[in-house]
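For 4-230, the entry in TrEMBL reads domain 'Nucleoside phosphorylase'. Residues or ranges marked as phosphate binding site by TrEMBL: 11, 46, 47, 173. Positions annotated as site 'Important for substrate specificity' by TrEMBL: 155, 208. What TrEMBL records for 172, 196, 197, 198 is substrate binding site.
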């Protein structure tokens, strides 16, 4: 039985493969068919060919494309700044999220009342596999709460001072993917590369080039983690993600 996994790759993460364009009600999505280990995987570059900024990414199209291809599980890779103690170059697998976005469409259900439950926003099976995959690859990994901001600018020290009371790491791409995946009854979890301390967490700010350099250092290890996680996932889903809409409609 195929595991049918899609990987949504963030900045600095590229996986080569056969080009595949998937049409969705929200636009066409460029993707690649590739293999990680023994599994065929659909790789979707989140920012497309021209590196679309995070507040303009067509998140609904990305998740719809994954579902249309036949994916049952989605692994998302994200870059984050740490608002806590995490070492640059380490990884975080979020257990929960808080969002402060402003202008992103965040639901597939614009004309009906559908309220998916987010008590466990990330699939426990995919999360467990990512943590085990990171340990197997010898990576430093932690869990925590992901805070999503609108971007594209980085946050101010005062903003980070406030956000530290809400979460552990901060990024711009983790939401609304997590909610959209739940609405499509997909198993979804994220693994984040810590590329920098957030604003105000150290005296001198890291430049964009330095942050990009940290991404490049971790990219190969991230691919190893994702490959290991996929190999560790059970073939059959035993979580509740595939029943997310059962009691969500009013």
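Quick reminder: no glycine exception, Cβ is built from N, Cα and C everywhere.
Nobody curates TrEMBL annotations by hand; they come from automatic prediction.
Fewest Cβ neighbours within 10 Å among the binding-site residues 46, 47: this applies to 47.
Figure note: comparing Cβ neighbours within 10 Å for the binding-site residues 173, 196, the maximum is reached by 173. Residue 155 (site 'Important for substrate specificity') falls within neither a helix nor a strand when secondary structure is assigned with DSSP, and so counts as coil.
For the pair residue 197 (substrate binding site) and residue 155 (site 'Important for substrate specificity'), the C-alpha distance works out to 11 angstrom.
When the Cα atoms are compared, residue 196 (substrate binding site) and residue 173 (phosphate binding site) turn out to be 16 Å apart. Across the residues annotated as binding substrate (172, 196, 197, 198), the two Cα atoms farthest apart lie 15 Å from each other. For residue 198 (substrate binding site), the nearest neighbour among the listed recorded positions (47, 155, 173), judged by C-alpha distance, is 155.
Regional average pLDDT for the domain 'Nucleoside phosphorylase' (4-230) in the model is 93.
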